[in-house]
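**Q** Mind having a look at this structure? Questions to follow.
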Amino acid sequence: MNAHVYLDSLNPAQRRAVSHGGDAAPAPPVLIIAGAGSGKTNTLAHRVAHLLVCGADPRRILLMTFSRRAASEMIRRVERIARKVMGDGAGVAVDALNWAGTFHGVGARLLRDLAEQIGLDPAFTIHDREDAADLMNLVRHELGFSKTEARFPTKGTCLSIYSRCVNAEQPIEDVLRLSYPWCIAWAEELKQLFGSYVEAKQQQNVLDYDDLLLYWAQAMCDGDLAADVGARFDHVMVDEYQDTNRLQSSILLALKPDGRGLTVVGDDAQSIYSFRAATVRNILDFPLAFSPPAEVITLEQNYRSTQAILGAANAVIDLAAERFTKNLWTDRATGAAPELVNVRDEADQARFIAEQVLENREAGTTLKQQAVLFRASHHSGPLEIELTRRNIPFVKFGGLKFLDAAHVKDLLALLRFVENPRDRVSAFRVMQLMPGVGPTSAQRVIEHLAQAPDGAEALRHAPAPARAGEDWIAFVEAIEALRSGMSGWPAEIERARLWYEPHLERIHEDATTRQADLLQLEQIAGGYPSRERFLTELTLDPPDATSDQAGVPHLDEDYLILSTIHSAKGQEWKSVFVMNVVDGCIPIDLGAGAKDEIEEERRLLYVAMTRAKDDLHLMVPQRFFTHGQSSTGDRHVYAARTRFIPNTLLKHFQRRAWPLAAQAGSRPVSAGPKIDVRAKMRGMWR
Ligand SMILES: Nc1ncnc2c1ncn2[C@@H]1O[C@H](COP(=O)(O)OP(=O)(O)OP(=O)(O)O)[C@@H](O)[C@H]1O
C-alpha cells in the first residue's frame, strides 16, 4: 500500500501544504491562506496526520485552535486520516497529542509549569469575564471612582479598555482615542484603576483571561525561557490565524523566532473577532516576519457549497473594501439559487423556518444537517418558542452560557474558593449565599483570610457572621472537608452540591430545574482528572450549548442547530437559514458605524452564507416589534434588507414572499413594495 495513501484525496495545493518540508523534521514556516470551504482545516488535519505517519513525536506537537470543540474535532479527523496508514497505532499516537487546545488553555498550562520560574503561585485560579468585571468594580469603588460627579466608565467598559490595551499591545491613550473617545478625559484615572486592578489580582492569586496571554508573552521576553518553551515543540500549528491578536502573534514568534516548525492557517475574508483585538494584519504580515519569508500556499477550490451558493457569497464579499484572498471556484453542481425570503415579521420568520426545517426532514435531511444562524443571541427568541411549541428539539450555541446561570456560578464559586481561599470574588459570592451574611460581614471574613498565611485554616478562626449561626458552621465544615481532598475528585462536587442545595431551594423558586443543571455539571466534572483542571478548562472554554426549553437532547438524537454566526465558525451544514438579514441586525446597529466595523459585519454575513452546502435561505422580516416602549405596544419599526445585498446582487438570489397572499388571508406580502409610500411622503415636500 502507498505509504501516504491519504494524500490521494487532496488537490495539488493541499498536498503541497500537507507534505511541506517532506518528513517529520521541523520545516521552514508556512502560511496556508484560502477562502471559506477550501479545506483549510481538513488540510491542517492531514498535515498533523502526515507528521505522525512520518514519525513525529505527538507529544512535541502544539496545535492551537479557536475553541476546545474545534480542537477535539480536529483530533478526531487526524485519527481517521492516520488510521488509513497506521491502523490502530493511530489511536495511540493521537492520544499522545496532548498539547492541542486554545491559546488560552495552552497558556494556562504552561504558566503552571513555569510558575516558579516567573514568580507565580501555581495554584492561581482564573477569572472569567464576569468575575473580572466584578473585581474591576470592587477596585473602582475602593478608589472612589464610582462616586465621581461626571459619570466614570462602567465596570464593563473599564474591562474592555483594559483588555484592548493588553491584547492589542497598545498604550491606553491610543486605545481611548481610537475606540473609546468618550473616555479620553479619564485616561489618568483609568491608568490608576488598572494599576490597582493588577495589584488586586496579584494579591488574590487570580489571573483573568487576558493575563493568560499577557503573562505568557511577558515570560517569553526572557530569551532563555522562550528558547526552553520553544524547544519543547517540534511543530507549532495554528488554525483560524486571522482571528488572533498581536499578543498571540508575539508569543508565536518568541517560541519560534526563525519560524521552523510553524504552520498557520487562515482566511482574511473571515476575520470576525476584532472586538477581541484580533487583527487581520497578523496573517498578512506573517510571511515577512521571517527571513527568508514564509512560504505561502493558497487554496482555490471550494468543496463545500453548490455553485449558486458560492456565487452569491463571492458576490457579497466582492464588495468588501479590502481583500486579499481570491474568489473560489467549485466543481459542484449549480444547485438552486439561495433564497431571499420576505416575511412579515419575526413570528412569521419563526414559522417559516420551522415549517421548512420539517419539510427538509421529510425530504431526508436530518435536523442535525440543518442550522439556523443569527447575528445576536437574542434574535432566536421567537424561533425557540416556535420550535418548542412544535416539539422540534434544538441545541443552541453561543447564547447564554450554561455557566452564566446564577446557580451554576454559585457552585463554581464554592469550588474556586476551596481551590484558592484568597480569591475575593468567589469568596464574596459564596459567603453571601447564606442567610444572615451580607457584604459587610463577608468583607470582614475576607480581610481576615487575606491577612492569614493559610487561608483555609484561617476560616475556622475568622469572625463568624453573627446572624449566620448553624449555617456558618456547616459552611466551614464543608470547606474543610473539600480542602482535605478526602472524597477525591469528582466526588467532591457532589459534596459541594449537598452543601449548596438547601440554599438553592431557599433562593430560587424554580429550584428543581436548576438542580438538574447542577447534576449536569457534576457529569461534566467527571470528565476531568482534578478540581484544578475542571475549573481551569471550564472557565477558559465553557460548554455553550443551552437548550433549557427543549431539554438536553442525547447525542444520538436528532436536533436542529441554532447558533450565533460567531459560534458557527469552521462548521458546515447541508441547509442553512440566516435570520434577520436586515440593516440593524447585519450590520448590527452600530450607531455611527465606523467603517472597519461595517466591513467586519460584511465578513460575518460571508461567514454565515458559506456555512451552507446545498441550500441557503436568507430571511428578511419586514417589521420588528420594539420592546420596552409601551406596555400595550404594537409598536414596530420597518426594516430594510441588509445593505450588503444591494439591488445589483439580487441576480444571485431567488426572491420569495411568505406566506403566499392566499395563505396569509387578507394581508398580502409582496417581495417588493407595490406602492412606494416613502417616496410619496418625500414628494409632498418637493
Ligand atoms: N480535497 C478534497 N476533496 C474533497 N472534499 C474536500 C477536500 N478538501 C476539503 N474537502 C471538504 O470540504 C469541506 C470544507 O473543508 P474545511 O472545513 O476543511 O474547509 P475550511 O477551509 O476550513 O472552511 P472554513 O474556513 O469555511 O470553515 C469539508 O466538507 C471537507 O471535507
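Cβ atoms are placed via backbone N, Cα and C, with glycine included.
Here TrEMBL flags 13-306 as domain 'UvrD-like helicase ATP-binding'. Residues or ranges marked as ATP binding site in TrEMBL: Ala34, Gly35, Ala36, Gly37, Ser38, Gly39, Lys40, Thr41. For 307-570, the entry in TrEMBL reads domain 'UvrD-like helicase C-terminal'.
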**Q** What other residues of the same chain, not counting Ala34, Gly35, Ala36, Gly37, Ser38, Gly39, Lys40, Thr41, have a CB atom within 8 A of the CB centroid of the ATP site?
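**A** What remains near the Cβ centre is Asn42, Asp267, Leu299, Asn302, Tyr303, Arg304, Leu328.
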**Q** Specify the count of other C-beta atoms within 10 Å of the C-beta of Thr41 (ATP binding site).
**A** 19
**Q** Using CB under 6 Å from any atom of ligand 1, narrow the binding-site residues Gly35, Ser38, Gly39 to the ones that qualify.
**A** Ser38, Gly39
**Q** Taking the Cβ of Ser38 (ATP binding site) as the centre, how many other Cβ atoms fall within a 10 Å radius?
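**A** Step by step: centre on the Cβ of Ser38 (ATP binding site), count other Cβ atoms within 10 Å, giving 27.
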**Q** Provide the three-state secondary structure of Ala34 (ATP binding site) computed with DSSP.
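**A** Where Ala34 (ATP binding site) sits, the three-state DSSP reduction gives strand.
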**Q** So if I measure Cβ to Cβ from Gly35 (ATP binding site) and keep only same-chain residues at least 6 apart in sequence, which ones fall under 8 Å?
**A** Asp267, Ala269, Gln270, Leu299, Glu300, Asn302, Thr325, Lys326, Asn327, Leu328, Thr610
**Q** Once near-sequence residues are set aside, which residues in the chain of Lys40 (ATP binding site), 6 or more away, have Cβ atoms under 8 Å from its Cβ?
**A** Ile32, Ala34, Asp239, Val265, Gly266, Asp267, Leu299
